[in-house]
Amino acid sequence: MWRRVASLSSFLSSYSTSFVAQTASRLNTWESLTTRIAQQANGFIAPKEKTPFITFVLGGPGSGKGTQCIKIVETFGFTHLSAGDLLRREIDSNSADGAMILNKIKEGKIVPSQLTVKLIQKGMESSDNDKFLIDGFPRTEENRVSFEQIIGIEPNVVLFFDCPEEEMVKRLLNRNQGRVDDNLETIKTRLKVFEALSLPVINYYSQRGKLYTIRARGTEDEIFEQVRPIFTAFEACHVSTMILSIQLC
Ligand SMILES: Nc1ncnc2c1ncn2[C@@H]1O[C@H](COP(=O)(O)OP(=O)(O)OP(=O)(O)O)[C@@H](O)[C@H]1O
Ligand SMILES: Nc1ccn([C@H]2C[C@H](O)[C@@H](COP(=O)(O)O)O2)c(=O)n1
Ligand SMILES: [Mg+2]
(Lines of atoms letter the chains of each structure in order from A and count residues from 1; the text may use other names and numbers.)
(Lines give C-alpha, C1' and ligand atoms only; values in the text may rest on other atoms or scores of the structure.)
(Ligands and ions follow the chains in the order given, each with its own letter.)
Protein backbone atom coordinates (compact mmCIF):
# COMPACT_ATOMS: atom_id res chain seq x y z
CA MET A 1 0.00 0.00 0.00
CA TRP A 2 2.63 2.55 1.06
CA ARG A 3 4.50 1.94 -2.24
CA ARG A 4 1.43 2.91 -4.25
CA VAL A 5 1.12 6.07 -2.17
CA ALA A 6 4.77 6.91 -2.82
CA SER A 7 4.49 6.45 -6.57
CA LEU A 8 1.30 8.53 -6.69
CA SER A 9 2.96 11.45 -4.90
CA SER A 10 5.88 11.43 -7.37
CA PHE A 11 3.31 11.27 -10.19
CA LEU A 12 1.57 14.33 -8.77
CA SER A 13 4.77 16.32 -8.29
CA SER A 14 5.96 15.57 -11.84
CA TYR A 15 2.68 17.06 -13.05
CA SER A 16 3.01 20.18 -10.98
CA THR A 17 3.92 22.57 -13.84
CA SER A 18 2.33 23.48 -17.13
CA PHE A 19 -0.32 20.75 -17.69
CA VAL A 20 -1.77 21.04 -14.24
CA ALA A 21 -1.63 24.84 -14.32
CA GLN A 22 -3.58 24.93 -17.60
CA THR A 23 -6.13 22.45 -16.30
CA ALA A 24 -6.42 24.37 -13.10
CA SER A 25 -7.27 27.57 -14.87
CA ARG A 26 -9.96 25.66 -16.77
CA LEU A 27 -11.37 24.49 -13.48
CA ASN A 28 -11.05 28.00 -12.06
CA THR A 29 -8.66 27.40 -9.19
CA TRP A 30 -5.57 25.35 -8.52
CA GLU A 31 -7.02 24.49 -5.16
CA SER A 32 -10.14 22.86 -6.52
CA LEU A 33 -8.02 20.65 -8.79
CA THR A 34 -5.63 19.48 -6.10
CA THR A 35 -8.48 18.92 -3.71
CA ARG A 36 -10.26 16.76 -6.26
CA ILE A 37 -7.14 14.74 -7.07
CA ALA A 38 -6.48 14.20 -3.39
CA GLN A 39 -10.07 13.08 -2.86
CA GLN A 40 -10.02 10.68 -5.82
CA ALA A 41 -6.61 9.30 -4.86
CA ASN A 42 -7.84 8.83 -1.34
CA GLY A 43 -10.88 6.89 -2.52
CA PHE A 44 -8.72 4.81 -4.84
CA ILE A 45 -5.91 4.02 -2.45
CA ALA A 46 -7.32 3.92 1.03
CA PRO A 47 -9.90 1.40 2.17
CA LYS A 48 -13.22 3.21 2.63
CA GLU A 49 -13.33 2.66 6.37
CA LYS A 50 -11.49 0.26 8.62
CA THR A 51 -13.75 -2.47 9.99
CA PRO A 52 -13.43 -2.46 13.78
CA PHE A 53 -12.27 -5.47 15.74
CA ILE A 54 -15.18 -6.49 17.95
CA THR A 55 -15.13 -8.73 21.01
CA PHE A 56 -18.37 -9.65 22.72
CA VAL A 57 -17.89 -10.41 26.43
CA LEU A 58 -20.49 -12.84 27.78
CA GLY A 59 -21.12 -14.71 31.02
CA GLY A 60 -23.64 -14.90 33.80
CA PRO A 61 -24.28 -12.07 36.27
CA GLY A 62 -21.21 -11.70 38.49
CA SER A 63 -19.02 -13.96 36.36
CA GLY A 64 -16.35 -11.22 36.26
CA LYS A 65 -16.90 -9.70 32.80
CA GLY A 66 -16.36 -6.09 33.88
CA THR A 67 -13.35 -6.98 36.04
CA GLN A 68 -11.59 -8.78 33.20
CA CYS A 69 -12.52 -6.07 30.67
CA ILE A 70 -10.53 -3.56 32.74
CA LYS A 71 -7.46 -5.81 32.44
CA ILE A 72 -7.96 -6.32 28.69
CA VAL A 73 -8.22 -2.55 28.19
CA GLU A 74 -4.99 -1.96 30.16
CA THR A 75 -3.07 -4.69 28.34
CA PHE A 76 -4.42 -4.58 24.79
CA GLY A 77 -5.81 -1.05 24.36
CA PHE A 78 -9.45 -1.86 23.66
CA THR A 79 -12.32 0.54 24.27
CA HIS A 80 -14.73 -0.95 26.81
CA LEU A 81 -18.45 -0.53 26.16
CA SER A 82 -20.54 -2.18 28.87
CA ALA A 83 -24.19 -2.45 27.79
CA GLY A 84 -25.28 -2.35 31.45
CA ASP A 85 -23.20 0.80 32.13
CA LEU A 86 -24.58 2.51 29.01
CA LEU A 87 -28.13 1.74 30.16
CA ARG A 88 -27.43 2.96 33.72
CA ARG A 89 -25.99 6.20 32.26
CA GLU A 90 -29.19 6.61 30.26
CA ILE A 91 -31.19 6.34 33.52
CA ASP A 92 -28.92 8.90 35.23
CA SER A 93 -29.31 11.35 32.34
CA ASN A 94 -33.11 11.38 32.84
CA SER A 95 -33.70 10.46 29.22
CA ALA A 96 -37.21 9.64 27.96
CA ASP A 97 -36.47 5.91 28.23
CA GLY A 98 -34.85 6.20 31.67
CA ALA A 99 -37.86 5.06 33.73
CA MET A 100 -38.54 2.04 31.51
CA ILE A 101 -34.85 1.00 31.62
CA LEU A 102 -34.78 1.34 35.41
CA ASN A 103 -37.83 -0.93 35.75
CA LYS A 104 -36.31 -3.58 33.49
CA ILE A 105 -33.02 -3.53 35.40
CA LYS A 106 -34.79 -3.67 38.79
CA GLU A 107 -36.72 -6.73 37.57
CA GLY A 108 -33.61 -8.35 36.06
CA LYS A 109 -35.19 -8.31 32.61
CA ILE A 110 -33.83 -7.29 29.21
CA VAL A 111 -34.25 -3.82 27.71
CA PRO A 112 -35.55 -3.66 24.08
CA SER A 113 -32.64 -4.44 21.76
CA GLN A 114 -32.89 -1.41 19.46
CA LEU A 115 -32.33 0.93 22.37
CA THR A 116 -29.26 -0.92 23.64
CA VAL A 117 -27.77 -1.27 20.16
CA LYS A 118 -28.20 2.47 19.50
CA LEU A 119 -26.30 3.24 22.73
CA ILE A 120 -23.50 0.87 21.68
CA GLN A 121 -23.47 2.41 18.22
CA LYS A 122 -23.10 5.90 19.73
CA GLY A 123 -20.25 4.66 21.91
CA MET A 124 -18.46 3.16 18.92
CA GLU A 125 -18.95 6.21 16.74
CA SER A 126 -17.66 8.60 19.35
CA SER A 127 -14.42 6.65 19.76
CA ASP A 128 -11.26 6.96 17.66
CA ASN A 129 -10.36 3.41 18.57
CA ASP A 130 -11.00 0.48 16.24
CA LYS A 131 -10.96 -2.25 18.92
CA PHE A 132 -14.04 -2.68 21.10
CA LEU A 133 -14.99 -4.88 24.03
CA ILE A 134 -18.76 -5.04 24.12
CA ASP A 135 -19.52 -6.30 27.62
CA GLY A 136 -22.82 -7.94 28.56
CA PHE A 137 -24.07 -8.00 25.00
CA PRO A 138 -25.72 -9.76 23.16
CA ARG A 139 -27.80 -11.13 26.04
CA THR A 140 -30.51 -12.56 23.75
CA GLU A 141 -30.98 -13.75 20.18
CA GLU A 142 -32.96 -10.55 19.60
CA ASN A 143 -29.93 -8.51 20.83
CA ARG A 144 -27.66 -10.42 18.45
CA VAL A 145 -29.86 -10.01 15.37
CA SER A 146 -30.48 -6.35 16.14
CA PHE A 147 -26.73 -5.65 16.33
CA GLU A 148 -26.20 -7.40 12.98
CA GLN A 149 -29.01 -5.37 11.40
CA ILE A 150 -28.06 -1.97 12.81
CA ILE A 151 -24.26 -2.15 13.02
CA GLY A 152 -23.82 -4.72 10.25
CA ILE A 153 -20.65 -6.27 11.68
CA GLU A 154 -20.01 -9.72 13.14
CA PRO A 155 -17.81 -10.08 16.23
CA ASN A 156 -14.26 -11.34 15.73
CA VAL A 157 -14.09 -12.93 19.17
CA VAL A 158 -16.69 -13.98 21.73
CA LEU A 159 -15.44 -14.52 25.29
CA PHE A 160 -17.55 -16.57 27.66
CA PHE A 161 -16.76 -16.37 31.37
CA ASP A 162 -18.04 -19.68 32.67
CA CYS A 163 -18.59 -19.46 36.41
CA PRO A 164 -20.53 -21.69 38.84
CA GLU A 165 -23.83 -20.22 39.95
CA GLU A 166 -23.08 -20.24 43.69
CA GLU A 167 -19.83 -18.31 43.06
CA MET A 168 -21.68 -15.70 40.97
CA VAL A 169 -24.33 -15.22 43.65
CA LYS A 170 -21.66 -14.84 46.35
CA ARG A 171 -19.79 -12.22 44.29
CA LEU A 172 -22.94 -10.23 43.49
CA LEU A 173 -24.07 -10.13 47.10
CA ASN A 174 -20.62 -8.86 48.09
CA ARG A 175 -20.24 -6.36 45.24
CA ASN A 176 -21.36 -3.41 47.30
CA GLN A 177 -21.65 -0.90 44.46
CA GLY A 178 -25.21 0.14 45.28
CA ARG A 179 -26.69 -1.54 42.22
CA VAL A 180 -30.50 -1.85 42.34
CA ASP A 181 -30.28 -5.37 40.88
CA ASP A 182 -27.76 -6.85 43.35
CA ASN A 183 -30.38 -8.40 45.65
CA LEU A 184 -31.32 -12.05 45.94
CA GLU A 185 -34.72 -11.73 44.28
CA THR A 186 -33.43 -9.91 41.19
CA ILE A 187 -30.32 -12.11 41.03
CA LYS A 188 -32.59 -15.18 40.75
CA THR A 189 -34.37 -13.65 37.74
CA ARG A 190 -31.07 -12.59 36.15
CA LEU A 191 -29.78 -16.16 36.45
CA LYS A 192 -32.97 -17.54 34.87
CA VAL A 193 -32.77 -14.98 32.04
CA PHE A 194 -29.11 -15.91 31.50
CA GLU A 195 -29.93 -19.60 31.21
CA ALA A 196 -33.02 -19.22 29.04
CA LEU A 197 -31.98 -16.35 26.74
CA SER A 198 -28.19 -15.89 26.88
CA LEU A 199 -27.00 -19.51 26.70
CA PRO A 200 -28.54 -19.95 23.21
CA VAL A 201 -26.45 -16.96 22.01
CA ILE A 202 -23.32 -18.54 23.50
CA ASN A 203 -24.14 -21.81 21.68
CA TYR A 204 -24.66 -19.90 18.45
CA TYR A 205 -21.13 -18.48 18.57
CA SER A 206 -19.71 -21.82 19.67
CA GLN A 207 -21.13 -23.40 16.51
CA ARG A 208 -19.50 -20.67 14.44
CA GLY A 209 -16.07 -21.29 16.00
CA LYS A 210 -15.90 -17.82 17.57
CA LEU A 211 -16.32 -18.78 21.20
CA TYR A 212 -13.47 -18.76 23.73
CA THR A 213 -14.55 -20.22 27.06
CA ILE A 214 -12.74 -19.05 30.19
CA ARG A 215 -13.02 -21.00 33.44
CA ALA A 216 -13.95 -18.02 35.60
CA ARG A 217 -12.94 -19.36 39.00
CA GLY A 218 -9.78 -18.48 40.90
CA THR A 219 -8.18 -15.10 41.41
CA GLU A 220 -8.68 -12.25 38.95
CA ASP A 221 -5.06 -12.60 37.82
CA GLU A 222 -5.34 -16.35 37.31
CA ILE A 223 -8.40 -15.81 35.15
CA PHE A 224 -6.67 -13.11 33.13
CA GLU A 225 -3.86 -15.57 32.34
CA GLN A 226 -6.45 -17.57 30.36
CA VAL A 227 -7.61 -14.42 28.57
CA ARG A 228 -4.19 -12.99 27.69
CA PRO A 229 -3.09 -15.64 25.12
CA ILE A 230 -6.27 -15.17 23.09
CA PHE A 231 -5.56 -11.49 22.39
CA THR A 232 -1.81 -12.05 22.10
CA ALA A 233 -2.53 -14.54 19.30
CA PHE A 234 -4.88 -12.11 17.53
CA GLU A 235 -2.28 -9.33 17.81
CA ALA A 236 0.44 -11.56 16.36
CA CYS A 237 -1.88 -12.57 13.54
CA HIS A 238 -2.67 -8.90 12.79
CA VAL A 239 1.03 -7.96 12.64
CA SER A 240 1.88 -10.81 10.26
CA THR A 241 -1.07 -9.89 8.02
CA MET A 242 0.21 -6.29 7.89
CA ILE A 243 3.74 -7.44 6.98
CA LEU A 244 2.34 -9.71 4.29
CA SER A 245 0.20 -6.94 2.76
CA ILE A 246 3.19 -4.53 2.69
CA GLN A 247 5.25 -7.19 0.90
CA LEU A 248 2.46 -7.82 -1.62
CA CYS A 249 2.02 -4.11 -2.49
N1 LIG B 1 -11.98 -13.80 40.24
C2 LIG B 1 -12.69 -13.17 41.16
N3 LIG B 1 -12.73 -13.60 42.41
C4 LIG B 1 -13.47 -13.00 43.36
N5 LIG B 1 -14.23 -11.92 43.12
C6 LIG B 1 -14.26 -11.43 41.86
C7 LIG B 1 -13.50 -12.04 40.82
N8 LIG B 1 -13.70 -11.34 39.69
C9 LIG B 1 -14.56 -10.37 40.00
N10 LIG B 1 -14.89 -10.41 41.29
C11 LIG B 1 -15.80 -9.52 42.02
O12 LIG B 1 -17.14 -10.00 41.75
C13 LIG B 1 -18.03 -8.94 41.56
C14 LIG B 1 -18.67 -9.06 40.18
O15 LIG B 1 -17.66 -8.87 39.20
P16 LIG B 1 -17.97 -8.07 37.86
O17 LIG B 1 -18.67 -6.80 38.20
O18 LIG B 1 -16.71 -8.00 37.08
O19 LIG B 1 -18.99 -9.10 37.18
P20 LIG B 1 -19.87 -8.93 35.87
O21 LIG B 1 -19.82 -10.21 35.14
O22 LIG B 1 -19.51 -7.70 35.14
O23 LIG B 1 -21.31 -8.80 36.53
P24 LIG B 1 -22.63 -8.10 35.93
O25 LIG B 1 -23.13 -8.96 34.83
O26 LIG B 1 -23.57 -8.08 37.10
O27 LIG B 1 -22.26 -6.72 35.49
C28 LIG B 1 -17.23 -7.66 41.76
O29 LIG B 1 -17.39 -7.21 43.09
C30 LIG B 1 -15.78 -8.10 41.52
O31 LIG B 1 -14.85 -7.32 42.25
N1 LIG C 1 -27.63 -6.40 26.58
C2 LIG C 1 -28.13 -5.98 27.76
C3 LIG C 1 -27.30 -5.75 28.85
C4 LIG C 1 -27.86 -5.34 30.05
N5 LIG C 1 -29.18 -5.17 30.14
C6 LIG C 1 -29.81 -4.75 31.42
C7 LIG C 1 -30.35 -5.94 32.16
C8 LIG C 1 -29.23 -6.34 33.05
O9 LIG C 1 -29.66 -7.12 34.14
C10 LIG C 1 -28.72 -4.95 33.45
C11 LIG C 1 -27.35 -4.91 34.00
O12 LIG C 1 -26.40 -5.35 33.06
P13 LIG C 1 -24.92 -5.77 33.55
O14 LIG C 1 -24.28 -4.54 34.10
O15 LIG C 1 -25.15 -6.80 34.59
O16 LIG C 1 -24.21 -6.30 32.36
O17 LIG C 1 -28.85 -4.16 32.27
C18 LIG C 1 -29.98 -5.39 29.04
O19 LIG C 1 -31.21 -5.22 29.12
N20 LIG C 1 -29.44 -5.78 27.87
MG1 LIG D 1 -20.60 -5.98 34.59
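Each residue, glycine too, has its Cβ placed from N, Cα and C.
Unlike curated entries, TrEMBL annotations are predicted automatically.
On a predicted model such as this, the values are computed, not experimentally measured, just so you know.
Under the DSSP three-state reduction, GLY218 (ATP binding site) is assigned to coil, being neither helix nor strand. TrEMBL lists GLY62, SER63, GLY64, LYS65, GLY66, THR67, ARG175, GLY218 with the feature ATP binding site.
Residues or ranges marked as ribonucleoside 5'-phosphate binding site in TrEMBL: ARG88, LYS109, ILE110, VAL111, GLY136, PHE137, PRO138, ARG139, ARG179, ARG190. The Cβ of PRO138 (ribonucleoside 5'-phosphate binding site) has 29 neighbouring Cβ atoms from other residues within 10 Å, across all protein chains displayed. DSSP assigns PRO138 (ribonucleoside 5'-phosphate binding site) to coil in the three-state reduction, outside any helix or strand.
Cβ neighbour count for ASN143 (CMP binding site): 25 (other Cβ atoms within 10 Å of its Cβ, all protein chains included). According to DSSP, ASN143 (CMP binding site) sits within a helical segment. If you look up TrEMBL, you'll see ASN143 marked as CMP binding site.
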Pairwise C-alpha maximum, in angstrom, for the residues (ARG88, LYS109, ILE110, VAL111, GLY136, PHE137, PRO138, ARG139, ARG179, ARG190) that bind ribonucleoside 5'-phosphate according to the record: 21
Residue, out of the binding-site residues LYS65, ARG88, ARG175, ARG179, whose Cβ gathers the largest set of other Cβ atoms within 10 Å: LYS65
Rounded Cα-Cα span from GLY66 (ATP binding site) to ARG88 (ribonucleoside 5'-phosphate binding site), Å: 14
Residue from ILE110, GLY136, ASN143, ARG179 whose C-alpha is spatially nearest that of GLY218 (ATP binding site), among the binding-site residues: GLY136
Listed binding-site residues with Cβ under 6 Å from ligand 3, out of LYS65, GLY66, GLY218: LYS65, GLY66
